[in-house]
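Chemist: Below you will find the structure I want to go over with you.
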Amino acid sequence: MRTYSFPTVLLWSCMFHVIHMIPSQKRTNKHSNSERITGLSENDGKTLHRTKRGWMWNQFFLLEEYTGPDTQYVGKLHTDQDKGDGNLKYILTGDGAGSLFVIDENTGDIHAAKKLDREEKSLYVLRAKAIDRKTGRQVEPESEFIIKIHDINDNEPKFTKDIYTASIPEMSGVGTSVIQVTATDADDANYGNSAKVVYSILQGQPYFSVDPETGIIKTALPDMSRENREQYQVVIQAKDMGGQMGGLSGTTTVNITLTDVNDNPPRFPQRTYQFSSPESAPPGTPLGRIKANDPDVGENAEIEYSISSGDGSDMFDIVTDKDTQEGIITVKKHLDFENKVLYTLRVEATNVHPDPRFLQLGPFKDTALVKISVEDIDEPPVFSRPWYLIEVDEDAREGSIIGQVVAQDPDIAKNSIKYSVDRHTDLDRIFNIYSGNGSLFISKPLDREETPWHNITVIATEINNPKQSSQIPVFIRILDINDHAPEFANYYETFVCENAKAGQLIQTVSATDKDQPPRGHRFFFELVPEFAVHPNFSIVDNKDNTAGIMTRRNGYSRSKMSTYLLPIIIFDNDYPIQSSTGTLTIRVCACDSRGNMQSCSAEALLLPAGLSTGALVAILLCIIILLVLVVLFTALKRQRKKEPLIISKDDVRDNIVTYNDEGGGEEDTQAFDIGTLRNPEAREESKLRRDVIPETIFQIRRTAPLWENIDVQDFIHRRLKENDLDPAAPPYDSLATYAYEGNDSIANSLSSLESLTTEGNQDYEYLSDWGPQFKKLADMYGGEDSDRD
């Protein structure tokens with residue numbers, strides 16, 4: 001295949017910027033002859049002839065972004081086999097064939113159907129075929145060629161970020177690198193200067209500069225201060241074509257922040273500060289705040305406050321508030337207006353983290369003068385001591401003064417003070433105090449053995465201002481007086497063996513005393529004078545507050561004397577001497593050869609040798625059998641039911657029996673004998689119940705006589721209790737009436753039982769005033785006619 005390149009075609013192409021068709025190899029004559037290659041085909045076995053191709057090329061070039069009205073002409077494909085009679089057809093395959101690139105199958109002309117963009121695809125690989133229309137066979141072998149897209153400057157440089165953020169310490173030197181910006185150009189860097197980028201600064205001068213080739217931003221001014229300006233906005237431009245006119249450009253913004261360094265010392269806004277404090281302020285009370293200003297931030301602005309000098313350095317303190325960087329002045333010790341009114345402090349503020357690079361700028365600290373005035377307040381009384389200890393003998397008489405407490409008003413006014421005892425601490429009111437001078441005295445007798453210590457509280461109050469008061473503890477110790485006699489320390493169960501020998505120790509006794517002498521206890525033991533020379537026993541003082549009881553003869557007999565009483569006198573050695581007499585009971589016992597007690601009872605001598613074990617077991621079994629029989633008999637008695645005389649559907653207890661009997665009044669002496677109530681010896685005949693079958697196996701129950709009690713009310717209560725507990729009593733719904741009236745009746749007694757003792761006729765007219773409830777009674781006793789009737 002031949003490729004044609006006519007001068008007219010080239011001129012036309014150049015005018016419309018359509019295509020440059022450059023053949024890669026020119027046709028040579030040395031390849032004009034055909035080469036024959038003999039071989040066997042797989043299909044027909046005929047001899048194949050290889051002929052030299054009539055077309056050869058390597059690549060075409062095409063400009064991107066074509067904007068003309070017609071399609072771009074790429075080139076023309078032609079083969080030597082094409083006679084111009086239309087028998088051949090050209091076919092194009094590969095990248096973009098049929099869509100981006102189209103070919104005229106008759107002439108072999110190739111056109112670009114669409115606008116191409118090198119940045120999307122810069123190289124297209126295509127394959128061309130020439131086919132005989134009649135036979136459908138290729139007249140030439142398939143050939144591959146390349147179409148390259150030539151770049152034009154159609155892309156501006158683009159930065160990797162729209163906005164850059166950077167920081168640099170303040171006070172940095174000129175030329176200090178801040179940040180590097182980078183812009184890229186999508187154009188072909190190998191074709192012209194379309195992708196050659198140059199950086200320049202559009203905004204941010206004269207503070208910063210940029211390297212035109214590397215894009216590194218640097219400081220351009222020395223000693224830039226963050227306190228003056230902290231934020232800077234720099235605009236950087238990137239332009240292609242080496243920065244020449246006509247090149248495309250892009251911009252980006254760089255936000256630069258100056259970070260803080262400790263280049264500023266703290267400064268107090270004023271030289272003198274004034275504060276005041278009441279003298280009652282407790283330690284730790286804040287009085288005020290002072291603050292030194294530091295334009296730095298963060299740890300560079302941290303300040304430490306201290307008191308460097310002044311007459312109040314011992315009375316006040318200053319601490320640093322880490323959140324606000326303020327100095328808080330507080331009270332260190334209790335203040336006293338009467339002692340000192342005004343204090344002066346010199347406070348120093350110092351940077352915690354100074355920067356050695358800026359120490360030449362001056363000392364990084366500042367001082368201020370603080371004056372504190374003390375205010376006078378009405379203070380409560382102050383005692384001369386923090387507590388008082390008073391000692392008093394327990395035999396001190398009532399009214400005796402045992403001590404004194406002293407308090408005074410610390411204020412200049414020196415108000416008068418009264419004293420009192422807090423009764424919550426002296427509930428028994430044993431002590432009292434003179435309100436004028438604070439002298440304590442005794443109101444009740446003391447007893448050290450009952451309460452050795454008394455802890456009371458004394459209150460001192462200003463007379464003019466009772467709200468101002470203070471308290472003080474007073475500890476009162478009761479001193480011991482020898483007012484208790486010694487006595488035996490324990491109860492002794494002493495025995496002597498019948499076979500004891502003379503001079504044998506049978507008991508060691510000791511004593512105790514409630515008193516506590518300062519030199520300790522010392523007790524003495526001796527027999528009472530009547531038994532000073534005891535024929536049976538003697539006592540030996542061991543000189544250690546104990547004494548031994550010794551036998552004085554050989555052998556003792558229980559049959560003659562089973563118990564001996566030995567009175568012993570115990571003395572102490574304190575003043576005044578106290579003594580008591582204790583009686584020691586000594587029993588005579590039978591002992592074995594080793595002296596172990598066997599029996600001490602005199603009756604044991606008369607008892608037989610004892611029962612055998614079998615006899616004891618037999619006795620116990622008999623007792624158990626008797627107990628079982630009693631329990632069974634009791635249970636059978638309780639379970640037996642009484643058969644009623646009246647047999648009906650309803651229980652007799654559900655029936656109400658009414659007896660319409662009426663008494664005969666006062667003159668009916670036969671209906672009821674009141675003498676039975678008044679005479680405890682009266683007997684009631686036991687009557688059988690009419691609604692149950694009488695049981696003959698049980699004795700009729702009779703009530704116990706009440707001769708010892710003649711009170712009618714107690715008599716009725718006892719009868720009522722007996723009736724409730726009696727199983728043979730009437731049913732529970734029967735009405736039992738006991739004719740007894742209690743005391744203090746507002747109507748007095750209405751019974752006719754006492755009418756016999758009344759002298760003269762009684763007036764019953766007041767019954768009409770009691771209401772309708774007493775109408776019947778008023779009609780009966782209301783007039784003389786009714787009385788006669």
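Backbone N, Cα and C define each Cβ position, glycine as well.
Since this is a predicted model, take the numbers as computed values, not measurements.
TrEMBL feature annotations, pasted as is:
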| type | residues | note |
| --- | --- | --- |
| SIGNAL | 1-21 | signal peptide |
| DOMAIN | 79-159 | domain 'Cadherin' |
| DOMAIN | 160-268 | domain 'Cadherin' |
| DOMAIN | 269-383 | domain 'Cadherin' |
| DOMAIN | 384-488 | domain 'Cadherin' |
| DOMAIN | 488-605 | domain 'Cadherin' |
| TRANSMEM | 605-636 | transmembrane segment |
Chemist: With DSSP as the yardstick, break the domain 'Cadherin' (488-605) down into helix, strand and coil residue counts.
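Modeler: Helix, strand, coil within the domain 'Cadherin' (488-605): 6 helix, 53 strand, 59 coil.
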Chemist: For the domain 'Cadherin' (79-159), jot down how many residues DSSP puts in helix, in strand and in coil.
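Modeler: Its residues divide into 0 helix, 40 strand, 41 coil.
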Chemist: Using DSSP, what is the helix/strand/coil residue split across the domain 'Cadherin' (160-268)?
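Modeler: Here the numbers are 3 helix, 47 strand, 59 coil.
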Chemist: Treating G and I as helix alongside H, and B as strand alongside E, what does DSSP give for the domain 'Cadherin' (269-383) in helix, strand and coil?
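Modeler: When I sort the residues of the domain 'Cadherin' (269-383) into the three classes, I find 10 helix, 56 strand, 49 coil.
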